[in-house]
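Feature annotations, courtesy of TrEMBL:
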type: TRANSMEM; residues: A:29-52; note: transmembrane segment
type: TRANSMEM; residues: A:81-99; note: transmembrane segment
type: TRANSMEM; residues: A:111-130; note: transmembrane segment
type: DOMAIN; residues: A:131-417; note: domain 'NADH:quinone oxidoreductase/Mrp antiporter transmembrane'
type: TRANSMEM; residues: A:137-158; note: transmembrane segment
type: TRANSMEM; residues: A:164-189; note: transmembrane segment
type: TRANSMEM; residues: A:210-233; note: transmembrane segment
type: TRANSMEM; residues: A:276-294; note: transmembrane segment
type: TRANSMEM; residues: A:301-322; note: transmembrane segment
type: TRANSMEM; residues: A:370-388; note: transmembrane segment
type: TRANSMEM; residues: A:408-428; note: transmembrane segment
type: TRANSMEM; residues: A:469-488; note: transmembrane segment
Amino acid sequence: MQALIPAPVLLPLLAAALKLAIGGRLRRLHALISLATLGAMVVISLILLAAADRGGPLVACIGGWPAPTGICLVADRLSTLMLVVSSAVTFCVMLYSLANAYADQEHLAPMAIFHPAYLIMVAGVADAFLSGDLFNLFVAFEMLLGGSYVLLTFGGTLPRIRAGATYTVMGLASSMLFLIALAITYASTGTLSMAQLAERFAELPQHLKLLVELTLLLVFAIKAAVFPMSAWLPDSYPTAPAPATAVFAGLLTKVGIYSIIRLEALLFPGGPVSTILMWAALLTMLIGVAGAVAQTDIKRMLSFTLVSHIGYMVYGVALSSIAGMAGAVMYVVHHITVQTSLFLVTGLIERRTGTTSVDRLGGLMRLAPLIAVLFFIPAMNLSGIPPMSGFLGKLLLVQAGLADGGPLALTLVAGSLVTSLLTLYAVAKTWGKAFWRSPPAAAGAEETVLDSEESSEEGAIRTTVMPPWPMVAATAALVVLALSYTVLAGPLSALAGRTAGELMARQPYLEAVSGSGR
Amino acid sequence: MSLPLVPFALSAVLIAAGVTLLLERSLVRILVGVIVLSNGVNLLIVTAGGPAGRPPFAGTEGMADPLPQAMVLTSIVITLGVTAFLLAMAHRSWQLTGDDAVQDDTEDRRVRIRATAGELSRGLRDRERSYERLVADQRAELARLDAERIERERRAAAELESRILEINVDLGRWMEAHKNDGLPAEELLRRFEEARRQEEAQARGKDDRVRELRDDFARRQREQDAAEAELRRKLRTRQREARRKLRAAIREDLRRQALAQDPELEGED
């Protein structure tokens, strides 16, 4: 079983190397390698999740070196659960982007660059989830950032270079901050292995502990786009290609959230930082959703809701109770799936009409009923309409907040409900404008524009053919996956509860790592 | 254990310089900033590994800590990769725009466009309001002058009348006094008539002058009204022109923005 732990990191890296060796030829082989790799990741993650859920955290130390010196990968319930969801999402997005590339007749160049960058990013995400020491986490961040830099500036067009500059500089700044935090940590404790750190931080003086915690928290908050550090996200994500945006939105911010969970639960349990986190969560929720309400572009609107809903997860973590942590885990699982599927649907809309601006869209309900359904379900899910998973996640968080009972926690409960309502308003506005109403006047003669198969004059809706079925199928698969959380709500929330229990207890993790050396 | 001051100070200086450069707009400066910053941070990590000058292999006691060095190597390699990527991006940016400055984000630009539009229209509104105030002031001044003139004329007429009355009374008294002087009644009547004619002629002259003044005043007022209308018309044209320009500028900005946001349209630009 231990041999399987490095597989989610190794497989995509090997596949990326293989693809670079193959080059731009052999399209079918490329597609086969990508899908086989990501499919294998799904299976392996499921096996790991089952094993970790039954037998406690699994540890694999690379090269047989024990924990403090060697690099250890730890697969506990949280890591494997995140792995399962992320690999399922990356598999669907890969399917989508394959169909996208075929439809665009971009056989050669994108295949040669897109897939390796994508796979390296996937490997980075998996490594971040599995990593058992902080430096390895840094390397994982660099892997996924490196892949995302390439994906974001894909094609090198002007808007992507503009957005990429902001994104890259932001990523670099946070990496440097991470390294500084690592230097402080190593100088004060002499180790970077998380299990050892968890024991040694307890012996440090309070101010030093706080310094390390705040620096690390700042790094992860930048990655997760928590409010004062969130301005980079809505500007950079929407310009990327649709599959890249979808997987960024689904996974990259959640890696930040995952790291915050690890930090708060394992390294610094019960610190004074949770008050700061609560305020950050409240501001993230409210300011993010206020931004979403003001947007007219669907992608930008979704990016702002992404920022806003990061607040829910931070809120769950900040409660530092088992119930809050379980709510956060549940919400992460739900949000990865739903946010990704929303961005994929937006990609479908863009492919169908040539625009994502709601001012120019209209009448999609009649034009493309399937896309309309695929947009409507995750949109309602995002805003928490019962009985979908968004509602379940929010319910768990609200219950945890009420159980906490403090004034700040109750404020956050109120804030989260307001945010939920405003999210509903934002997506309903988009729905009404893009799908429900008749096409805007700019479209001119409605019939001719809607019937024409090629792009019409400027200003009108540009109608292309229906997206190829694998794209629609991949999107639909994610939508169904998100819906299945409702059916599986019982086992899933029980799993989230067990995960949170394991996280808050800390002992299983520490024992597993210290036991691995012998 | 003493604090390794020199490496600390050096890395602090490097990090400060790096951060300063990182805040620049030009990508090349940012790149230099990243390099300087990463050197400072790497130095910090090496310093965290313990004092310098320890042997690399000498049992386990007193040996130099290999972990920070391994970490620094890794971070050097990673920084190299990212630096190369940033350099490529700076080059691409220069290819596309002839510049490597990092631009403002879309939200910033949108807010700025709105702010300029608001400022311009506020300026227009202010100008319009001040012009209206000027016109109202002029109106009030005219009305005041008008009222003054009417008052003066009224007073002059009253004076004239009182003088006529006085003269009549004088005349009556004079006639009473000279009734018995022996002047023939015809002569008296003639003189009386003459005096009245003279008075009437004088009064008529005054009336004429008043009418003339009034005409003159009316003409001047008409002229002023015409000038005012002309001014208003001109102002309106100017305002319309300014508004049209403003609207065109905003539309152009929005169009550019839409293009910048919409990667699909980039090719058609």
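Placed from the backbone N, Cα and C atoms, the Cβ positions cover glycine too.
Unlike curated entries, TrEMBL annotations are predicted automatically.
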Look at every Cβ pair spanning the transmembrane segment (A:276-294) and the transmembrane segment (A:408-428), keep those 6 or more apart in sequence, and say whether at least 3 of them are under 8 Å.
yes
The transmembrane segment (A:408-428) touching the transmembrane segment (A:301-322) per 3+ Cβ pairs under 8 Å rule:
yes
Given a Cβ distance threshold of under 8 angstroms, which distant residues of the chain, six or more beyond its ends, lie next to the transmembrane segment (A:111-130)?
5-6, 8-13, 15-17, 19-20, 23-24, 27, 30, 34, 37-38, 41, 73-75, 79, 82-83, 86-87, 90, 94, 97, 101, 136-137, 139-148, 150-151, 154, 241, 244, 247, 251-252, 255, 258-259
Under 8 Å, at least three CB pairs between the transmembrane segment (A:408-428) and the transmembrane segment (A:370-388) (pairs 6 or more apart)?
yes
Which residues of the chain, 6 or more past the ends of the transmembrane segment (A:29-52), have a CB below 8 A from one of its CBs?
1, 4-5, 7-8, 11-12, 14-15, 18-19, 22, 58, 75-77, 79-81, 83-84, 87-88, 90-91, 94-95, 98, 111, 115, 118-119, 122, 126
Hey, which bits of the same chain come close to the transmembrane segment (A:137-158), Cβ under 8 Å, at least six residues off its ends?
110, 113-114, 117-125, 127-128, 131, 164, 167-168, 171, 175, 178-179, 182, 223, 236, 239-241, 244, 248, 252, 255, 259
Give residue numbers and ranges for long-range contacts of the transmembrane segment (A:81-99): same chain, 6 or more residues beyond its ends, CB-CB under 8 A.
8, 31, 34-35, 38-39, 41-42, 45-46, 48-49, 75, 114, 118, 122, 125-126, 129-130, 241-244, 246-247, 250-251, 254, 258, 329, 332-333, 336-337, 340, 344, 347, 467-471, 473-475, 477-478, 481, 495-496, 499
